[in-house]
Amino acid sequence: MAGKRKRANAPDQTERRSSVRVQKVRQKALDEKARLVQERVKLLSDRKSEICVDDTELHEKEEENVDGSPKRRSPPKLTAMQKGKQKLSVSLNGKDVNLEPHLKVTKCLRLFNKQYLLCVQAKLSRPDLKGVTEMIKAKAILYPRKIIGDLPGIDVGHRFFSRAEMCAVGFHNHWLNGIDYMSMEYEKEYSNYKLPLAVSIVMSGQYEDDLDNADTVTYTGQGGHNLTGNKRQIKDQLLERGNLALKHCCEYNVPVRVTRGHNCKSSYTKRVYTYDGLYKVEKFWAQKGVSGFTVYKYRLKRLEGQPELTTDQVNFVAGRIPTSTSEIEGLVCEDISGGLEFKGIPATNRVDDSPVSPTSGFTYIKSLIIEPNVIIPKSSTGCNCRGSCTDSKKCACAKLNGGNFPYVDLNDGRLIESRDVVFECGPHCGCGPKCVNRTSQKRLRFNLEVFRSAKKGWAVRSWEYIPAGSPVCEYIGVVRRTADVDTISDNEYIFEIDCQQTMQGLGGRQRRLRDVAVPMNNGVSQSSEDENAPEFCIDAGSTGNFARFINHSCEPNLFVQCVLSSHQDIRLARVVLFAADNISPMQELTYDYGYALDSVHGPDGKVKQLACYCGALNCRKRLY
């Protein structure tokens, strides 16, 4: 495993007692921020944006002071849904034009996941479709215009977890219809073709006359089947819309994208859709179907020279997961946690000639150990909710989170988006252990495996799907003062708790601009001469949990989230890893260690360098 001094990301500007001069400077900055917010909201309104706040808040007559000058108004309060819409608009202002195509796809899907979870939190019907609608309004669809052939950034084997995800990217723009096609609005661009012209089909097994032999497919056209009942054909199909579009593809030798959908119990939507590449429409005809009605048939042939099909791997992924540890190839440890975790974590090693176990010289623990010279603050008062926190207007913990809950009660709790800091309910709160605002405190929910990799040492992967926003684990070890571990050489498992530094953007760290209320009495000094150095760290060198085996990636699928639950001192925040994307089974779990290049120095003061073997398309080739 690559050597690392891990870095956490964390919260917003901390308030503290300060001089009158400093208070005036801060108030001036807050006033300027309020003015900019008002201007931005008004700009969105002037452009008739669908995602701005209500007009009644924007066009109220400005109040005046006694001297006739206009009073400074606070920016209008926004709901969580409105904030999400504003940030969606701001995040799509053209700054990402230079991103690689696959990174654009990843970012687009993350935006959709956020909108989807916001709609779930707002208890809207069909939150997946509402999420797509919000992206359409914000002009956030990655490929809004239909494209023939492969879409940049979406390779053969790419997995979607819902039809709405495909719509959000612009891969297949019909959430229900199996055939996506260009209508007559494209006639100027495709004047040499007859329209409509098909660009994509999704095979979901809804038609009784379909015949799928992988490379060769007999596809049944659209229309005439019972959508709500047994899916059987109930009337004749017509040669129109998608059916006519496939006919034109056959006549003009235009390939179509083929995506197969399958039931999958471990997927959070119970479905998974795999892109299987481009197919040529070789032939079409009309015939009487199984139910006696006329259906249109299309023979599709997969184009040569494409990567191998992966749908079967997805469809039968459960078959690759052993039912007992005795079936695991290369097993070196049945459970590295020794029964401490709710789900056992096996370890496998098929790399070394003499396989070794990751537990050698390592003690597994489930909770943090605190060094004697580290003083943990007293527990905060907490909220007065009962059972589960549901009313964000009354819950004290929700108020700390900016007036809304950071989690949505879906799939046992999912974080809507990354924040500077998340305030969870703690030991003195009135709610119970099932409260959604205790999501990261719950037991291990996924079947994981520690495995030996060829270049990166030990690594971690999941045997099942992990939905975006799900907590995977907390980084566990011994909490020490950073100054006490600086003399320990070759310790690769030090995680600096630099939430305070990140929230102030110190040392090149990137802030997360979130609406949180960091308490004034956290005891943190912002004027320290050594403010770039975190005061505390987590040492998992010889004692810790499986999080120590999670590797770095320049394009990670996890992110670091600082969480406060038992107290409100961000210097000692809990470090929790959450899923940034919907993660497929057997995919390695990774996060960004956060090193800046040339930031690590040896005992001689010289810059140390370490190669990165993450394998990402945009790997920067060096860890530090």
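Any Cβ shown, glycine's included, is placed from N, Cα and C.
Record check: Swiss-Prot places CYS612, CYS614, CYS619 at the Zn(2+) 4 site, and the matching candidate among CYS554, CYS562 is CYS554. Swiss-Prot names LYS456, GLY457, TRP458, ARG548, ASN551, HIS552 as S-adenosyl-L-methionine ligands; from the candidate set TYR493, TYR595, the record adds TYR493 to that same site. Swiss-Prot tags one of the stretches 1-25, 301-325 as region 'Disordered', and that stretch is 1-25. Among the candidates CYS389, CYS473, the one that Swiss-Prot lists alongside CYS425, CYS431, CYS435 as binding Zn(2+) 3 is CYS389. Spatially, by CA atoms, the binding-site residues CYS397, CYS435, LYS456, TYR493 include one closest to CYS554 (Zn(2+) 4 binding site), and that is LYS456. Secondary structure counts, DSSP: the domain 'Pre-SET' (381-443) has 11 helix, 8 strand, 44 coil. For HIS552 (S-adenosyl-L-methionine binding site), the number of other Cβ atoms no farther than 10 Å from its own Cβ, over all displayed protein chains, is 23. Between the CA atoms of CYS389 (Zn(2+) 1 binding site) and CYS435 (Zn(2+) 3 binding site) there is a gap of 6 Å. It is 30 Å from the Cα atom of HIS552 (S-adenosyl-L-methionine binding site) to that of CYS425 (Zn(2+) 2 binding site).
Nearest by CA distance to CYS612 (Zn(2+) 4 binding site), out of the binding-site residues CYS385, CYS425, CYS429, CYS431, TRP458, is TRP458.
Spatially, by CA atoms, the binding-site residues CYS385, GLY457, ASN551 include one closest to CYS435 (Zn(2+) 3 binding site), and that is CYS385.
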